[in-house]
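Trainee: The following feature annotations were taken from TrEMBL:
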type     : residues : note
TRANSMEM : 24-44    : transmembrane segment
DOMAIN   : 26-481   : domain 'Major facilitator superfamily (MFS) profile'
TRANSMEM : 64-83    : transmembrane segment
TRANSMEM : 92-109   : transmembrane segment
TRANSMEM : 115-138  : transmembrane segment
TRANSMEM : 150-171  : transmembrane segment
TRANSMEM : 177-195  : transmembrane segment
TRANSMEM : 295-314  : transmembrane segment
TRANSMEM : 343-361  : transmembrane segment
TRANSMEM : 368-385  : transmembrane segment
TRANSMEM : 391-415  : transmembrane segment
TRANSMEM : 427-451  : transmembrane segment
TRANSMEM : 457-478  : transmembrane segment
Amino acid sequence: MADGKSRFTVDKALVAMGFGKFQLYVLAYAGMGWVAEAMEMMLLSFVGPAVQSLWNLSAREESLITSVVFAGMLIGAYSWGIVSDKHGRRKGFIITAVVTFIAGFLSAFSPNYMWLIILRCLVGLGLGGGPVLASWYLEFIPAPSRGTWMVVFSAFWTVGTIFEASLAWVVMPSLGWRWLLALSSVPSSLLLLFYRWTSESPRYLILQGRKAEALSILEKIARMNGTQLPPGVLSSELETELEDNKNLPTENTHLLKPGEIGEAVAVSKIVLKADKEPAFSLLALLSPTLIKRTLLLWIVFFGNAFAYYGVVLLTTELNNSHNRCYPTEKQLGNSNDVNYKDVFIASFAEFPGLLISAAMVDRLGRKVSMASMLFTCCIFLLPLLSHQSPFITTALLFGGRICISAAFTVVYIYAPEIYPTAVRTTGVGVASSVGRIGGILCPLVAVGLVHGCHQTIAVLLFEVVILVSGICVCLFPFETSGRDLTDSISASKEPPSASV
C-alpha cells in the first residue's frame, strides 16, 4: 500500500472472525421478525373464511381482506427500503415493528368489516419492512457460509407458519378469530422489547463514512466470537479500489473505453443523488449496470409471491366444507368451515423445502436451485387442473408447497446478493413490492375463481406464472454463490466469466 499500512474490508473482517455468538444473536432477532411476518400472513387463510360467515361477505369482499394486506406491503416494502438505505437498517426495522404490532393488535377489536380492512392494510404497511431485516442479517454473515445461514434464517418463516396453523387449530374453534389476531401480534412486540441490544450494519456505517462506528461494531463481533480482526486499517471497498488503481497499468489491466467511462460517471451521479433524494434510488436500480437483474428479479418475485400465497390459499379453498362446486361432498354448514388439519399438514411442507434448499443452494448455486424448484412445482400442480379427491389434493398441494417454499427461500438469498450496499435494501424492497402485487392479485384467483367453480382456469394461471418465473431465473446474469457482497455499483458488474 502507498501508506505502508495493510487494509481490510468488512468482508475480509467477517471471514476472519467467522460465524459465531454475535451472528447467532442477530439471527435470533431477525428470525423473530420473520416469525412475526409469517404468522401475520398465514392467519389470512383463517380470518377470511371466519368473517365471511360472520358478516355474510361476498367472495370479492373476503378476498379483499387478503389483498389490502399486500397493498400495504407494496407501499411499505419500497418505503422502508429507502428509509433503511438513507437512515440506517435499525431505524428501518424498528418503525416497521411498531406499526405491525399496534395495527395487528388493534385489528382484533375491529367492530366491522371496514375497520378490519383499514387495520389489516396498516399491518401490511408494517410487514413491508421484512426485507430490511433480511438485508440487515445478511450483512453480518461471512461470504463462504452465507447461503447455508440464510436458509437457517428462512427456517424461522416455516416455524411461524406452522405455529400459526397450530394456534388456529386450537384457538379458532373455541375462542374465535379475534383471539387469533391478538395472539398473532405477540412476536412483533418482542422486536420492540429487544431492540436496544441490536447493532447497526457496519457495511452501512462505512458507506456513510462513519468508519469509527463500523470499526467499533466489528471489534464487538470479534470479542463476542472470541476471535480477532485482521491486521491493518479498516477501509471501504471504494477506498480499496482507488488504492489498487494507483498502480501503473500493466498489459493485464482492464482499461475503460470512452463509452464505459461515460456510463460510470452517469451511474455515479445517480448514486450521489440517491443519497439525497429517494426518487433517484429507483433510477439507480434501472441504471445500465443493474437494469437487467432488476427487471428479471421483479418478475421472479411476482411469480414466487403469486404462487406461494396461491398454494396456501388453495389449501383452504379446495378443502373448504362450503365448496358448492361439488355437491356430492359433505356440507357441514358451520362458520368454522376450514379444515384445520389439512392446513396444518400442508404447513409442514415448508420443512422439506428448507432441507432441499439448504442442500442445493451452495452446492448447485442459487440459479439452479430456484429454477429446478419452480419447474418441479409446475409438475405437482398439473393434476389439479381437474378436480381431485381431498387426499390427492392435499398431497399435491403439499408437494407444490415444498417446491415453491424452497424457491422463495433461495430468491430471498439471491436478491440482496446481486445489489451493492448503497441500494441493497431499496433494491430488495422494490422487488418485494412487486411481489406484493402478485399477493394482491392472488386472492382474486385462488378465492374468486375457485368460488366461481373455475378451478381449471385458476390452476392454469398459476402454472403459467410459475413457468415464466423459472425461465427468468435461467436468464439472471450471474451466480452469486461464494462471492463477496459489493458496496458500490461500479464493483457490482457481472464478472466476465459469468454464466447466463
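Cβ coordinates come from backbone N, Cα and C, glycine included.
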Trainee: Is the transmembrane segment (391-415) in contact with the transmembrane segment (92-109), using at least 3 Cβ pairs under 8 Å (sequence separation of 6 or more) as the test?
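Mentor: No, the transmembrane segment (92-109) and the transmembrane segment (391-415) are not in contact.
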Trainee: Using Cβ atoms only, state whether the transmembrane segment (295-314) and the transmembrane segment (427-451) have three or more pairs under 8 Å that are 6 or more apart in sequence.
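Mentor: By the criterion, they touch.
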Trainee: Check for me, if you would, whether the transmembrane segment (24-44) reaches the transmembrane segment (150-171) - at least 3 Cβ pairs under 8 Å, residues 6 or more apart in sequence.
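Mentor: Yes, the stretches contact each other.
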Trainee: Return the average pLDDT for the domain 'Major facilitator superfamily (MFS) profile' (26-481) as a whole number.
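Mentor: It averages 79.
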Trainee: Take the transmembrane segment (115-138) and find every residue of the same chain, 6 or more past its ends, with a Cβ under 8 Å from one of its Cβ atoms.
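Mentor: Distal contacts: 26-27, 30, 33-34, 37, 40-41, 51, 64-65, 68-81, 84, 89-90, 92-93, 95-101, 103-104, 106-107, 146, 150, 153, 188, 201, 412-413, 415-417, 424-425, 428-429, 431-433, 436, 485.
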Trainee: Go through 64-83, 391-415, 457-478 and flag the stretch with the largest number of C-beta pairs under 8 Å relative to the transmembrane segment (427-451).
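Mentor: Between the stretches 64-83, 391-415, 457-478, 64-83 has the largest tally.
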Trainee: Under an 8 Å Cβ to Cβ limit, what residues of the same chain, 6 or more beyond the ends of the transmembrane segment (177-195), are close to it?
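Mentor: Those are 29, 32-33, 35-36, 39-40, 43, 46-47, 50-51, 90, 93-94, 97-98, 100-101, 104-105, 107-109, 126, 160, 164, 167-168, 171, in sequence order.
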Trainee: Grab the same-chain neighbours of the transmembrane segment (391-415) for me: Cβ-Cβ under 8 Å, and only residues 6 or more beyond its ends, written as numbers and ranges.
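Mentor: Here the qualifying positions are 131, 134, 138, 146-147, 150-151, 154, 157-158, 297, 300-301, 304-305, 307-308, 311-312, 314-315, 318-319, 342, 345-346, 348-350, 352-354, 356-357, 360-361, 366-367, 369-370, 373-374, 376-377, 380-381, 383-384, 427-428, 431, 466, 469, 476, 480.
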Trainee: By a Cβ-Cβ criterion of under 8 Å, what residues six or more beyond either terminus of the transmembrane segment (368-385) are in contact with it?
Mentor: 300, 303-304, 307, 311, 314, 318, 353, 356-357, 360-361, 392-393, 396-397, 399-400, 403-404, 406-407, 410-411, 414, 455-456, 459-460, 462-463, 466-467, 469-470, 473-474
